[in-house]
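Q: The structure follows.
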Amino acid sequence: MIKINLLNHQSHSFPSKTTPLEIWKNWLKKTLKKPVAALFNQKFIELDYPLTQDGDLEILAESNPKSLFVLNHSTAHLMAQAIQRLYPNALFTIGPAIKEGFYYDIDFQNHSISEKDLPTIEKKMHEVALENHSMIMKKVTHDEAKRLFSYNPYKLILLEKHKEEDITVCHQGEFIDLCRGGHIPKLSLIKHFKLLKISGSYFQGDAKNKSLTRIYGTSFFKKEDLGNYLKLLEERKERDHKRLNKKLDLFMFSQEVGLGLPFWLPKGATLRRIVERYIVDKELSHQYHHVYTPIMANVELYRTSGHLEHYSQNMFPVMQLENKEKIVLRPMNCPHHMMIYKKSPRSYKELPLRIAELGMMHRFEKSGAVSGLQRVREMNLNDAHNFVRPDQIEEEIKKIINLILEVYRDFKITKYEFRLSYRDPQDKEKYFPDDNMWQHAENILKKTIQELNLPFREAIGDAAFYGPKLDVQVLTALGNEETLSTIQLDFLLPQKFDLTFIDANNKHCRPVVIHRAIVSTLERFLSHLIEENKGVFPLWLAPVQILLIPVSSSVNLKYTQEIKELLLSQGLRAEINSKEATLGYKIREAQELKIPYQIVVGDNEIAKNLITFRKYGQKNQTTTNIETFISSLNQEIMEKR
């Protein structure tokens, strides 16, 4: 007999090899409708999977959001079967379910596939689904699997990589795929799906391997849900910072200069400068010391820090100089800040010592990963390293968290969660091998966030190589999860750089370093602001706050220029649209540029020494004197509305 804990916390004993479907029929049929799969000990399984051990079981109905993962995984199999019929020579690699759908990486060999082919593949998928094949899992030996996939070199490589594991395959009609499982019972349940796009990829993410075709799709149980999701995708497209930038003209890239190297154009540079000043002023008010350090360093500095050993794949090649010195562009600011700390003997009275920098860094991102401002090769990180005594760790982390929340309030960031990232103890290559250090550091971070009563989730394998970290994961307007803020606890670098402070007993002691970034890189943060605000920035952030529009450039321009000079003298950012165009055209253009305020200047305003303004997104106009207008704007800026 096996003991199964159902989701309602009831425990029951069943004969070994009882299936989830049998349990549903006998115990849950009246309360749970339309089961499609199950979750056993946090692993997705089929309804006919024979249970042979104790564990936690959740039967998944169509209405359960978790079922979408199983549906999308099954739809990836359906797509592969349809493609095999259309392109018999296609070789399949991997086809997982992902957050909002699925993809499959395919080697089409001699065929070239484009998005024009997706409707044909979709049509074939519907045909195959109507055949209503069962999705049958079968355990096979390693040798049997090699015979089944002897024609596919990609599957053979995967089999060799997992030769110590149990091998299972999924049958659906004539199609067989290597798979761990988690499928719906029959293909006829797959009705409402859409193939979304095609991109390039490499087998196992290695650019040295052959280029593959990746087809993305999504699948839902209800037609209405698919329609709503496709509408959401259109909304996200409208918010994409790359698309919005075509009108806003904030930044650019140049193929002649290089991939992932952004240019900040005048309006974008203004926006960046506002954020930079805000961050620096905020950190200075929290007793940080801002510095500037070199963007490159002797390679030995990174050998000492451990970056050369653990992070070299993300670094640009070393430059050999004429005096045999080896220089590298820095991927991190940490070693430079260690040097500043080490410059002078430090007393325990000086700690915490908070060294901050808007530091330029260079990291080698693969060409396929570079994307707009979110993934670039040159970036500017809002970075700081807080050097503390061991007894100050918890209090300092709390202060950093409060600073993060303060900044989030000002930028109206509300969709986020804390993620506590640990090392994977089995990964001896990625992480520094000191079990006691890791256990101690992880316990401190967990204890601190628990004391603040902040909800968090845990993630194994996402720590930095030198220590655990507390990340703030922000949900973007495009539905992605991005790390915006991070707090990393480090006992290792002080040891590697032999950092010390003199305690009250005149003894040398080792400080602890807390790495922290409040708004990530400026590039990523600004892309987030563009998308979150859909290009409509609050007044305090807007690169151009007021656009002055003379009714007649020849008659009204002089008074318009006087107003502009007055606005500029008050610290406001104003421009004039003096184009020879109709008033309606100028107003529409101001709306497209998403400028917060437009002031129309005509004969009536000049005669009465007034202005007429309209706020972005509003139809009504207001006429007032310039002093009242400036006062209301200053109030709006002060309140960061």
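Yeah, the Cβs are placed from backbone N, Cα and C, and that goes for glycine too.
Per Swiss-Prot, domain 'TGS' is recorded for 1-61. Per Swiss-Prot, the feature region 'Catalytic' maps to 240-538; the stated evidence is sequence analysis. The Zn(2+) binding site annotation in Swiss-Prot covers CYS334, HIS385, HIS515.
Walk me through where these features lie, including what they touch and how far apart they are.
A: In the three-state DSSP scheme, CYS334 (Zn(2+) binding site) falls into the helix class. Counting every protein chain shown, 24 other Cβ atoms lie within 10 Å of the Cβ of CYS334 (Zn(2+) binding site).
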Q: Starting from the Cβ of HIS515 (Zn(2+) binding site), draw a 10 Å sphere and report how many other Cβ atoms land inside it.
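A: Other Cβ atoms found within 10 Å: 22.
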Q: For the recorded Zn(2+) site, enumerate neighbouring residues of the same chain (Cβ within 8 Å of the Cβ centroid of CYS334, HIS385, HIS515, site residues themselves excluded), in sequence order.
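A: Same chain, not in CYS334, HIS385, HIS515, Cβ within 8 Å: MET332, ASN333, HIS337, MET338, ASP383, ALA384, GLN488, ASP490, LEU493, VAL513, ILE514, ARG516.
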Q: Quick one: DSSP breakdown of the domain 'TGS' (1-61) into helix, strand and coil?
A: 9 helix, 27 strand, 25 coil
Q: For HIS385 (Zn(2+) binding site), what residues in its own chain, 6 or more apart in sequence, show a Cβ-Cβ distance under 8 Å?
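A: Non-local contacts for HIS385 (Zn(2+) binding site): ASN333, CYS334, HIS337, MET338, TYR341, ARG354, ILE355, VAL513, ILE514, HIS515, ARG516.
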Q: Taking DSSP as the reference, which of helix, strand or coil describes HIS515 (Zn(2+) binding site)?
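A: It is in a strand.
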